[in-house]
Structures are given as structure tokens and as C-alpha cells.
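See structure below.
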Amino acid sequence: MGASIDDYSLVHKNILHSEDLLKYILETSAYPREHEQLKGLREVTEKHEWSSALVPADEGLFLSMLLKLMNAKRTIEIGVYTGYSLLTTALALPEDGKITAIDVNKSYYEIGLPFIQKAGVEHKINFIESEALPVLDQMLEEMKEEDLYDYAFVDADKSNYANYHERLVKLVRIGGAILYDNTLWYGSVAYPEYPGLHPEEEVARLSFRNLNTFLAADPRVEISQVSIGDGVTICRRLY
């Protein structure tokens, strides 16, 4: 039986349905560790019309920890929005780290740019205003062995995640990580049907159900689907 839209709150882009527990996590663990410029960017983004696309602060800390544990230096980000996850990545990378960041809307990136500049990490970022697929295809054509990436983070058009995966599994080195955001889609992926969603949300929900099944069966990666934010799937490239 399908779930009603009333069963889950879509107010917060978070798989954790206890608002009290979420508030506790953010106020106890996340916000005290949040970089000053990340806090400023978050507060500005929360006032934006598409604020639901903001990566939560606890997820940001998770991404930062993973990047540091991996000693990542070269990363790809597909879907930037105002740049919260991008700034998180730039702060986590070493001084000579490099990020290729791709988004169709530079105006959103420019909202976050002053915070990136104040944090002193703009030099790590190569922002490309474009659809991602042609950029990834060009990168594959020009790629040399030493150009492989350590890490990729995808938070963009949901119906294209599988297409991005086919390219990223070649662009990211063996042992590197590819992360997909929103893969639990408010918890709605657990149900064959989920009445009440807007048509574009339903398209995304079905795309994620298909993606989750596909990634679980992909022998090129090992995966872990983490219940943080709106669900993050980590893929480690095996070959």
C-alpha cells in the first residue's frame, strides 16, 4: 500500500523524521563545528526560494570527514546551487587541491562566491557553467591516467544520475568515491507508490528507485547507502 504525503514531512530535506532529534543533532554536533563562512552561506541560502536544495550542516560535516580520511586532492562536483557542499569540499582539501564544479546556473554559485572568497579557497575551484554530460564526455576524451579524480559528489538533475555514473566510474580512480545525494528522497523510495507528490518529484522518486537498484547490482563499485540528510549513497570504485 502506498504512503500518504501526510506520513512524511517534506518541509525539511532530511530523512530523519523526528524534528526534535534533528534539531538536537544540528545544535549539538553540527552547528558548533560549522566553519564561519559555511554558516554565513547557509543562513543566506535558507532565505532563497530553492532553499530545500541546501545540503544540511550535518551532511556537510560527514562529507568533510570523508574527504579528509581519503586524503582527496582532485574532486568533481555536479550540481553546485549556492555552493555549500562545494565550500565544504574546498575547505577539506589541501592547499593544492582542485575541484571541477559543474552547474547550469552561475547566478546561484555567485550567491555563495563571496563566502568562498572570504574562506580563501576560490583558487581550488574551476567552475564550469554548463550541462554536466557534455563536460564529462570532454573530460573523458582528454583524460590521462594522472588526471583521474579521487572523489565526486552529485546533487543535480535526478533523472540523469545513472548517466553521470557511467562517466564518473571512469573518471574517478580505482579506490576513489562517487557520492549521490538525495537517494532516499524524503523516504518515499520505500514505497512502490507515493500519492501526493508533484509530477517532477514523482519523476525523481522513480529515478531514485531505479538508481538504487542499479547501484546495488553494479559490480564495478561497492556501496553504502547512508541515512543522513536526504540519503547519500557512497560508491567506491573497484575496477
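Note: Cβ is positioned from N, Cα and C throughout, glycine not excepted.
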Additional site residue, A132, A190, A216, A217 [criterion: listed by Swiss-Prot with V55, E77, G79, V80, S85, D103, D157 for S-adenosyl-L-methionine]: A132
DSSP-derived class (H/G/I helix, E/B strand, else coil) of V80 (S-adenosyl-L-methionine binding site): coil
Residue among binding-site residues E77, D103, D155, D157 with least C-beta crowding, 10 angstrom cut-off: D157
Among D155, D181, N182, which are recorded as binding-site residues, the nearest neighbour of D103 (S-adenosyl-L-methionine binding site) by Cα: D155
Neighbour tally for D181 (divalent metal cation binding site), based on other Cβ positions within 10 Å of its Cβ: 25
